[in-house]
Amino acid sequence: MYSLARPFLFSLDAERAHALALRSIDTAYRTGTTALLARRPVPLPTPAFGLMFPNPVGLGAGLDKNGEHIDALFALGFGFVEIGTVTPRAQEGNPKPRMFRLPEYQAVINRMGFNNLGVDALVANVQRARRTGGLLGINIGKNKDTSNEEATSDYRYCMERVYPLADYITVNISSPNTAGLRELQEEQSLRRLISDLRETQEALSAQHGKRVPMLVKVAPDLNDRDIDAAARVLADLAVDGVIATNTTVTRTLVANHPLAAEAGGLSGAPLLGQSTLVLRRLRARLPESIPLIGVGGINSGADAVAKMAAGASLVQCYSGLVYRGPQLIGECVNAIRRRREAPSGGAVSPL
């Protein structure tokens with residue numbers, strides 16, 4: 001079905017096509033025709049962060065920024081859906097156009113800039129959702145006009161608002177589309193921010209009588225020294241998990257494309273190699289008690305297996321859905337299932 005719709009969607013501006021695709025998924029859900037878009041995968045229960053995921057394939061943050069399509073997305077067969085990034089106050093994001101397809105490379109460049117309706121709107125949407133079929137992650141960020149020195153207050157506010165509703169919370173400090181945000185990944189800044197948020201997490205756990213895991217999402221553009229420093233901080237502070245990775249600002253593999261000079265984060269197939277290297281290095285540097293989610297460049301079941309081989313417990317798709325459609329979900333689940341059933345038992349590949 002998606003192969004028939006794709007030529008029309010690709011004739012539209014990328015952001016307009018994005019909105020239309022979400023409306024179509026909603027329509028299919030309301031009319032009970034989601035099965036025409038994707039066959040729901042057979043469950044593949046997967047433990048991580050003290051939770052049990054129906055299957056290890058999730059939706060990465062950014063597709064449903066405001067939590068307006070949760071039930072329709074679960075109906076496609078995701079084991080978990082991550083909504084956001086959400087900020088304390090609504091913001092429009094960067095000027096349009098701000099999303100670009102690179103079909104020759106099965107890639108996307110975006111500079112959305114955390115456009116969202118604000119955390120209160122997201123909370124209202126989550127409260128209305130039925131949420132059957134999977135676990136819900138909520139990705140939080142800071143407003144663009146909040147300085148890095150004051151960033152903790154934005155993250156804390158969002159965490160307090162979404163904590164009762166989230167199955168896990170992701171702290172996004174790695175988007176390239178908010179000026180200065182990635183500076184929060186520097187060792188001392190990271191330690192201050194995550195230390196404060198761990199204290200908030202523990203206080204909220206006592207207040208609500210449940211512990212919601214807190215994950216940190218990192219960039220693929222960190223050098224080995226920065227990765228090692230981040231791993232030390234995240235291990236010292238005992239975060240619940242790490243998502244590797246966000247989009248990249250490098251253009252090496254798409255340098256000849258006419259859109260390569262567009263500002264923003266590059267995602268899709270060209271990101272697979274670098275994001276998986278970061279994932280593998282983090283797995284080698286972090287204790288086994290901190291699971292990883294692998295994301296970046298997954299366009300096939302084999303790509304998902306590569307993430308698992310590099311040390312991921314779960315994987316997420318986003319740009320791959322633009323090119324492959326919802327069938328990618330089941331393909332990834334089935335490929336991971338075959339890997340689990342293999343005699344090797346799915347050992348992590350060495351550095």
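Note: Cβ is positioned from N, Cα and C throughout, glycine not excepted.
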Asn110, Arg111, Met112, Gly113, Phe114, Asn172, Asn177, Asn246, Thr247 bind substrate per Swiss-Prot; candidate in Lys65, Lys307 listed for that same site: Lys65
One of Asn139, Asn143 listed by Swiss-Prot as binding FMN at the site of Ala61, Gly62, Leu63, Asp64, Lys65, Thr85, Asn172, Lys217, Thr245, Gly268, Gly297, Tyr318, Ser319: Asn139
Leu63, Lys65, Asn139, Ser175, Gly268, Tyr318 screened against Asn246 (substrate binding site), Cα within 10 Å - retained recorded positions: Ser175
Listed in sequence order, residues with CB under 8 A of Leu63 (FMN binding site) and six or more positions away: His18, Leu22, His69, Leu73, Tyr318, Leu321
Candidates Arg111, Gly113, Asn172, Ser175 (recorded positions) - the one closest to Lys217 (FMN binding site) by CA: Asn172
Alpha-carbon distance [Ala61 (FMN binding site); Gly113 (substrate binding site)] in Å: 13
Those binding-site residues, out of Ala61, Lys65, Arg111, Asn139, that come within 10 angstroms of Ser175 (active site, nucleophile) at the Cα: Arg111
Ala61 (FMN binding site) to Arg111 (substrate binding site) - Cα separation in whole Å: 14
